[in-house]
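Trainee: Here it is, the structure, as structure tokens.
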Amino acid sequence: MTDYKATLNLPDTAFPMKAGLPQREPQILQRWDSIGLYGKLREIGKDRPKFVLHDGPPYANGTIHIGHALNKILKDMILRSKTLSGFDAPYVPGWDCHGLPIEHKVEVTYGKNLGADKTRELCRAYATEQIEGQKSEFIRLGVLGEWDNPYKTMNFKNEAGEIRALAEIVKGGFVFKGLKPVNWCFDCGSALAEAEVEYEDKKSSTIDVAFPVADDAKLAEAFGLASLSKPAAIVIWTTTPWTIPANQALNVHPEFTYALVDVGDRLLVLAEEMVEACLARYELQGSVIATTTGSALELINFRHPFYDRLSPVYLADYVELGAGTGIVHSAPAYGVDDFVTCKAYGMVNDDILNPVQSNGVYAPSLEFFGGQFIFKANDSIIDKLSEVGSLLHTETIKHSYMHCWRHKTPLIYRATAQWFIGMDKEPTSGDTLRVRSLKAIEDTQFVPAWGQARLHSMIANRPDWCISRQRNWGVPIPFFLNKESGELHPRTVELMEEVAQRVELEGIEAWFKMDAAELLGDEAPQYDKISDTLDVWFDSGTTHWHVLRGSHPMGHETGPRADLYLEGSDQHRGWFHSSLLTGCAIDNHAPYRELLTHGFTVDETGRKMSKSLKNVIEPKKINDTLGADIMRLWVASTDYSGEIAVSDQILARSADAYRRIRNTARFLLSNLTGFNPATDILPAEDMLALDRWAVDRTLLLQRELQENYGEYRFWNVYSKIHNFCVQELGGFYLDIIKDRQYTTGANSKARRSAQTALYHISEALVRWIAPILAFTADELWEYLPGERNESVMLNTWYEGLTELPADFELGREYWEGVMAVKVAVNKELEVQRAAKAVGGNLQAEVTLFAEAGLTADLAKLSNELRFVLITSTASLAPFAQAPADAVATEVPGLKLKVVKSAFPKCARCWHCREDVGVNPEHPEICGRCVDNISGAGEVRHYA
């Protein structure tokens, strides 16, 4: 038997079938570094329009988790796609470096008695070490960026820039000092930002407490009675017994109805709607003897249960009837609403009782409970209330309660003197910060759209921003306060610039070691130098100032306003939030045009990632076993707007999808053997109809992909590329052209036409996958024929694709119809193979019984219809002539019949043809193959 293998154009490529990503990706990273890829991108982008994605800084502590990887990969995919779209899209990664978590780590390692200077020194060293570790992990993901010059909030220039940003906000009239209840952590010894608060379940003691009336006559009058027949008391309900020693008022709703209830030995004031539930809870019988409105009770005095002082009734709209008694006890030092109400009634700061010290222990001077930790004092307080006859009921409940995000310990509201940025304070000029911010939200694009309402609600309802902290490792608030008036120095903004200049040279240490006289001269004795530091959310929230127009100026056409901020959905109350406030305070607009939020990673059952559940997926493990491109493909394949599921099984599915895409790319490369684009490419008008359709289909898909990349719909990009590879290419086009590729002359028009199409498809595909499969795209790029630059990323979307003319006879709709027919034929061939009626498809002969219109369409392919259907013979017959055993199909007006060919099999092309052996010199092959070997070669027109 003659071996005709040498006469075939068999596929051949050095592009490996096995990706070996864990080993290959580090080599590609080294190559990117050696050619200075990021620098070259900046060089070619000089004259392009700029797209600025500003990096939300991760905290410089610990190794990265899968959520970090997701975030960085999303950013990289956007910037790569923008680069391919013709933008200059730089990426300056950043780190958040100050704050309690790092200070806490240092204290745990070295102890709490280091001294402030040593603490700052060790914190800076620790953050530097952590950044280096995280940086290498981010680079391993294939993220291109300015890794040699990232921004760090602890860089001297950034620290100075933050002080300058604060000066701008001071200049705008937004900053003030005030006594207000703030989130307070005893372990931190400091106020916390809203974004540093987590909610966890906590067990608490609830108590119903009676406050005896002090003004009997006024209470009787309020209820329309001549006098009170018995002792009377008003009843409150609270989940914080420890606040009772600080009670200073009682709040009722002005519009609620309140009842005077006779319970035998005394009269109780309760909200009418709560009487039945309260009496049941107290196990008392009683009857309502009178009712009145809350407003009638205003300013009536009651007595504190165990201290010799009065608690007046104040009106408050925040009182609710969902639980309790309808009366709220007010400790203004430990509740925001309480504080606001008491201040509205004229209570001055000096009158506010605040017996809880910064460590959570009552001041020694507090009668009965001095020196006790507040949560441990609950039992003592309950006992005291019982002793004086004021305790009506107590029980333990489990409820959601605020905790410190770092220590996981319960927080309290605690009134302290702090620095605030006022939401409703009248600024030097223009609207209040709240009004500015709400307007800015309306001018911002949100992806997904629901983020707008969420951020709007948060801004509309948030309190003033407490920006001061009582810690060492933070950017200082460089204020001088007049010892007598408590006012800021009149040259505060000017002095802040002097401090900023020193900090730019020496870091924040410059402020802490500075003597006031250095700046104030003879005035120094009149002023206190403030030791507070700034909230870390102010650090990151002002990066638009100290990075985008400071350490890393972007030179955007419209100023230092980023096109995009992209972070997890928790940043609506974090970085998005703080950046919005500072941007509006300084520039009267948001520092971003668009906000994109992604959800959190969960396992495939929807559970949060937790070491205790053993469902944590570490990025390093994925890199070491599957490769970063598999992780990137997983990110791209998932709708990030909600929770994002990840597990070994899900990643395995991503790996399968990757293999299908890689195999398609390998097939394309292997069939471009011997193809030189400079000499072998055919103009569109010389290509076969099917090849022109394939290029046209590629062009249409490229337009869809560009649109989806532009809208950050990566899951659509992934799906469309995957389907194109598997269905339109693998399931249709590539299958059909194999015969032509392998059997026609190496330099024939039939083969060069297909190779031209494959080349165009390859040039497009390598760019399509580049934002997602960053490593594989550059690997593929090196194997493509023709001269090319060093990386696919140094190019834009492929422009060599041509569109089918509108009047082209075998146009888009035509090939859609042919595909449907091919699907129907394949389905029947599978049935026949399963029944062992035929072996391979090329053993089959198919007859298509079609209605006249379909017959006319299929007849346009002439004798090339068999190549499209990949059968040895394909015949057309009228639909009416279909025999009883013809199979109906899903294609209207089409039945078909498949039989095994009776003709011999060609040893070269494997088609079963009646002319096999007709040529005595080649007794084992068909006439077509003889012509392709030694004759003029077959001529194809369509497929």
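Just so it is clear, glycine is given a Cβ too, placed from its N, Cα and C backbone atoms.
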Trainee: Between the candidate ranges 3-13, 58-68, 201-211, 454-464, where does Swiss-Prot place the motif ''HIGH' region' annotation?
Mentor: 58-68
Trainee: Looking at 608-612, 703-707, 748-752, which stretch does Swiss-Prot describe as motif ''KMSKS' region'?
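Mentor: So the range that Swiss-Prot calls motif ''KMSKS' region' is 608-612.
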Trainee: Taking a Cβ cut-off under 8 Å, which residues six or more beyond the ends of the motif ''KMSKS' region' (608-612) line up next to it in the same chain?
Mentor: 65-67, 600-602
Trainee: Using the alpha carbons only, what distance in Å do you get between CYS909 (Zn(2+) binding site) and LYS611 (ATP binding site) once rounded?
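Mentor: It is 58 Å, counting Cα to Cα.
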Trainee: Give the distance between the Cα atoms of CYS926 (Zn(2+) binding site) and GLU567 (L-isoleucyl-5'-AMP binding site), rounded to the nearest whole Å.
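Mentor: CYS926 (Zn(2+) binding site) to GLU567 (L-isoleucyl-5'-AMP binding site), Cα-Cα distance: 64 Å.
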Trainee: Measure from the Cβ of CYS929 (Zn(2+) binding site) and count the other Cβ atoms within 10 Å, all protein chains considered.
Mentor: 28
Trainee: Neighbours of the Zn(2+) site CYS906, CYS909, CYS926, CYS929: Cβ within 8 Å of the Cβ centroid, same chain, sequence order.
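Mentor: Once CYS906, CYS909, CYS926, CYS929 are set aside, the remaining close residues are THR743, ALA907, ARG908, TRP910, HIS911, ARG913, VAL916, ILE925, GLY927, ARG928, VAL930.
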Trainee: Taking the Cβ of LYS611 (ATP binding site) as the centre, count every other Cβ atom within 10 Å, in any protein chain shown.
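Mentor: The Cβ of LYS611 (ATP binding site) has 7 Cβ neighbours within 10 Å.
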Trainee: When the Cα-Cα distance from LYS611 (ATP binding site) is computed for each of the binding-site residues GLU567, CYS906, CYS929, which gives the smallest value?
Mentor: GLU567
Trainee: Let me know how many other Cβ atoms fall within 10 Å of the Cβ of CYS906 (Zn(2+) binding site).
Mentor: 25
Trainee: Look at the binding-site residues CYS909, CYS926 and tell me which residue has the greatest number of other C-beta atoms within 10 angstroms of its C-beta.
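Mentor: That would be CYS926, with the highest Cβ count within 10 Å.
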Trainee: According to DSSP, which kind of secondary structure is CYS929 (Zn(2+) binding site) found in, if we only use helix, strand and coil?
Mentor: helix
